[in-house]
Amino acid sequence: MASTTVAQLAAELSRSPAALLEQLQAAGVGKATPDDVITESDKTRLLDYLKRSHGQSDDSARKKITLTKRETSEIRQSDSTGKTRTVQVEVRKKRVLIKRDDVESHGDGADSQESAEAAAEEVRRDEEQRREQAEALARQEAEAQAAREAAEREEAERRAKQEALEAEQRRQAELLAQKAAEEAAAAQAAADAAEETAREKAEEDKARLATERAQAQKNADDAKAAVDKARAEQDSAKAAADKARAEQDAAARRRREAAEAEARAIQQMLNAPPRVLKAPSERKAEEKKAEQTGTLHKPVKPAGATTEAKKDDKKAAPAATTTTAAAGDKKGAKGGKTGTWQDEGSRGKKGGGLKTRGDSSGGVGGWRSGPRGRGGKHNADDARSNFQAPTEPVVREVHVPETVSVADLAHKMAVKASEVIKQMMKLGQMVTINQVLDQETAMIVVEEMGHKAFAAKLDDPEALLVVDGEDHGDAEMLPRPPVVTVMGHVDHGKTSLLDYIRRTKVAAGEAGGITQHIGAYHVETDRGVITFLDTPGHEAFTAMRARGAKATDIVILVVAADDGVMPQTKEAIAHAKAAGVPIVVAITKVDKPEANPDRVKQELVAEQVVPEEYGGESPFVPVSAKTGQGIDDLLENVLLQAEVLELRAPVDAPAKGLVVEAQLDKGKGPIATILVSSGTLKRGDVVLAGSAYGRVRAMLDENGKPSKEAGPSIPVEIQGLSEVPAAGEEVLVLPDERKAREIALFRQGKFRDVKLAKQQAAKLETMLEQMAEGEVQTLPLIVKADVQGSQEALVQSLQKLSTSEVRVQIVHGGVGGISESDVNLATASKAVIIGFNVRADAGARKLAEHNGIDIRYYNIIYDAVDEIKAAMSGMLAPEKRETTIGQVEVRQVFRVPKVGAVAGCMVTDGLIKRNSMVRVLRNNVVIHDGELDSLKRFKDDVKEVKQGFECGLSIKNFNDVQEGDQLEVYEITEVARTL
């Protein structure tokens, strides 16, 4: 055995040698230096000392290890029905191992060593035998347990509810038995250990005193007595568990028999013949007769005892019936089957009704309400309340979403859908159960039906966008270029001014010299970068100008010095003030001889735009786009305003922006011009614009050159969207395409549902308006344009042309070329196709020619408006005008058989024509207005008779012609009307 020093032991224990020496000396081990050798006995003494100092006894010094082993197997067992089922069997084995103390040897004799080994071998054999017996016993008990569990599962399938309680009780019994078995095993192991220790010590210490052997024998006897006691406790626990299981089985059997008896009683009641209802008068007579005569079971009671009997009747009747049922009376079991339903109802609390399981107080309430019931006192009152309808209506709080179907609305109010349909019919609208209602209509219906309506908040995925936007609020804010919008009246020189700044010829490319798109450009000057937005000045582009003002920081208001303030100038001022942006006024065309800048200033002051020289805030700069006069001053004022505004935006953040313009290219697909307002837009980003989403596949600047990224205030053209977005939509960069698709689909569905609901709600109003107005001419149109903004402006301009007689109907409006589907739609709706800066492909042209569809092409918006206006004028009913062409005097009247009155007349003025319209005037009063039937001169039919000649004539459906009457001859001409 290797020797160990104090220093080595201290190193193993991670302690200092000095502290270990102190503990050894306290334990009674004489060690002075770290180099002293320490033996196993010294270690044992030190360990015993430490255990005693920590509060542990010698008995606890022994280490006990409990090993639990589980084995799961399957057995197949046939049940009573012959079916074979598989039962999971789990066998648990538990072993307790105790580490015994090291035996100190007090002698060197070989006899004691051999005897110790022999004794140890004998003890091991005894322990192995006992372990085998314990395993066999555990195996038998596991098999019995598996059989019991199979039987219990079969019982649980029949009566699941009862089995839950039985399983709980059985589990408790098994826990008790298992606990007792564990205690017995622990006691057995402790006894074996004690006996073995005593035997070893007895063999080793033969020289010891007889008193010690007697003490060891006594300890062994005590341990054996403990084992016997544990076994007895185990047997008693097992007997108690068997007894409890038997009692549970008996209780379950009793409950099953009682339930079967109850079911038989219910079946007998259902099979009994129906009883005849009696009138209240007959019932009262019978009750009165019964009170007078009485029976053997219910004798006549004195009047004074009636009230007391009624009070005690509820308690007395159950007791009496229970006694009768216990005696075996069939009437008690069936609950008075000979009585009538009226008797049961009239008796109320007197015990009438079905009686089951020995309960005689069925009453009017439930079958089991009786003396053992928890609510027997209130059963009759509860039963009667079941037949009473609620007196007050239930008012519900209904949360109405933006769109809801009739069926869902009825479900929210807990009424039938037919009730909602009836209410809608009362309100004058015919709906079906699946029809979608808008929020306003649905809330009116809810209020009409007596409930409270609230506008529900949608589970909107767009709410996540706000959170995402806040996450990047800590990005560094850097200066950004100003966004300047050039606004003004048409032909006042906006594009020419911008052209001079950019040194390019933009105006020459616009049709008719007018701007019809928003042009976005950024210009690098010596003083910094400026982004310009050139908006149209034509009146049709109101929405475009509003979008330009929304996205801008500064507005350059262009006013021609020779023209002054015009309608679109006033509109531009209103847009700028609504957006809250500063205005810089550029007075153009000052190089013309007829220019009058002072008049322009006075007119702008009247529009609340006051120049700085008058004490206002708006700088006025006279400029000329031809000579370049004042251009530098204009840029200087713009940059000065930008410095005052301190324009800043985050650069290292997801981009946000605005759709300035959008179009559909046949080869590239949807294209959108975007003005980045904050962040940096990069190629490959996932963008969301309204209901359109996609990944940026390509990005071009305003000159058509590819660009990898765009910072704040930089306009770019992107490709890769799923559809053409609406101009003016906000553009966001999202982290993944799945989220963008989810929000885009939600917006599409929301827009579609709201639009459909509003259309359905307006159908009745539209129908009534058409009935009131009579027949209205309709001009159906299909509008296709190159960009979204032009299509929007053209549609709005055409819809403004509608009148009470002719209405413009926009069947479809879109972006891109004219396709065959557009021609098919025009064929079905009999519409005219208008192409604005687009053309039809070969297939569409051939199909349109075959179907006779008219396709008109325009590149100037007011040309399209003028032609549609002329077409609408042709659809107007012509105006009828009267023209007097002659005067005729009746000189003589002739009566001709089968013809009637024929007037001999003199044409005094003008002429008279056959089939002309005439008015008969007598004493200058019109008495008839009609048409000539015939016109003759000397018995010959003539076409006309001029002034100074005589003629004979007759008037249709008028014979009361007298001498002296005046005939006024006139004709009606149709004159084409204009809008």
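Cβ atoms here come from the backbone N, Cα and C positions, even for glycine.
Look at Swiss-Prot and you will find 50-77 (among others) tagged as compositional bias 'Basic and acidic residues'.
Taken from Swiss-Prot, the feature region 'Disordered' applies to 50-385.
Positions annotated as compositional bias 'Polar residues' by Swiss-Prot: 78-87. Long-range Cβ contacts of the compositional bias 'Polar residues' (78-87) within its own chain (Cβ-Cβ under 8 Å, at least 6 residues beyond either end) map to 146, 149-150, 153-154.
What Swiss-Prot records for 98-109 (among others) is compositional bias 'Basic and acidic residues'.
Annotated compositional bias 'Basic and acidic residues' per Swiss-Prot: 121-142 (among others), in sequence order.
Long-range contacts of the compositional bias 'Basic and acidic residues' (149-173) within its own chain (CB-CB distance under 8 A, at least 6 residues past either end) are made by residues 77, 79-80, 85, 87, 240-241, 244-245, 248, 252, 255-256. Marked as compositional bias 'Basic and acidic residues' by Swiss-Prot: 149-173 (among others).
The list of residues near the compositional bias 'Low complexity' (174-192) in space but at least 6 beyond its ends in sequence, with Cβ under 8 angstroms from a Cβ of it, reads 94, 96, 98, 126-127, 130, 134, 145, 220, 223-224, 226-227, 229-231, 233-234, 237-238, 240-241. Annotation source Swiss-Prot lists compositional bias 'Low complexity' at 174-192 (among others).
What Swiss-Prot records for 196-211 (among others) is compositional bias 'Basic and acidic residues'.
The compositional bias 'Basic and acidic residues' annotation in Swiss-Prot covers 219-263 (among others).
Among the features that Swiss-Prot reports, compositional bias 'Basic and acidic residues' is placed at 280-291 (among others).
As annotated by Swiss-Prot, compositional bias 'Low complexity' applies to 317-327 (among others).
Marked as compositional bias 'Gly residues' by Swiss-Prot: 351-368.
What Swiss-Prot lists as domain 'tr-type G' is 479-646.
In the region 'G1' (488-495), the DSSP tally of helix, strand and coil residues is 2 helix, 1 strand, 5 coil. Feature annotation from Swiss-Prot assigns region 'G1' to 488-495; the stated evidence is similarity to another entry.
DSSP classifies Val590 (GTP binding site) as coil under the three-state reduction. The Cβ of Val590 (GTP binding site) lies under 8 Å from the Cβ of Ala561, Pro597, Pro622, Val623, Ser624, Gln629, Gly630, each on the same chain and at least six residues away in sequence. Annotation source Swiss-Prot lists GTP binding site at 488-495, 534-538, 588-591, citing sequence analysis.
Each residue in the region 'G2' (513-517) has a pLDDT score, and their mean in this model is 47. Residues annotated as region 'G2' in Swiss-Prot: 513-517.
Mapped onto DSSP helix, strand and coil, the compositional bias 'Basic and acidic residues' (149-173) counts 24 helix, 0 strand, 1 coil. When Cβ-Cβ distances below 8 Å are used as the criterion, the compositional bias 'Basic and acidic residues' (121-142) is approached by residues 89-93, 95, 185, 188, 192, 196, 199-200 of the same chain, each at least six residues removed from its ends. The compositional bias 'Basic and acidic residues' (219-263): residue composition by secondary structure is 45 helix, 0 strand, 0 coil, according to DSSP.
The DSSP breakdown of the compositional bias 'Low complexity' (174-192), given as helix, strand and coil counts, is 19 helix, 0 strand, 0 coil.
Counting every protein chain shown, the Cβ of Lys494 (GTP binding site) has 31 other Cβ atoms within 10 Å. When other Cβ atoms within 10 Å of the Cβ of Asp491 (GTP binding site) are tallied across all protein chains shown, the result is 16. Residues in the compositional bias 'Polar residues' (78-87) partition by DSSP class (helix H, G, I; strand E, B; coil) as 0 helix, 5 strand, 5 coil. The 10 Å shell around the Cβ of Gly488 (GTP binding site) contains 29 further Cβ atoms across the protein chains shown.
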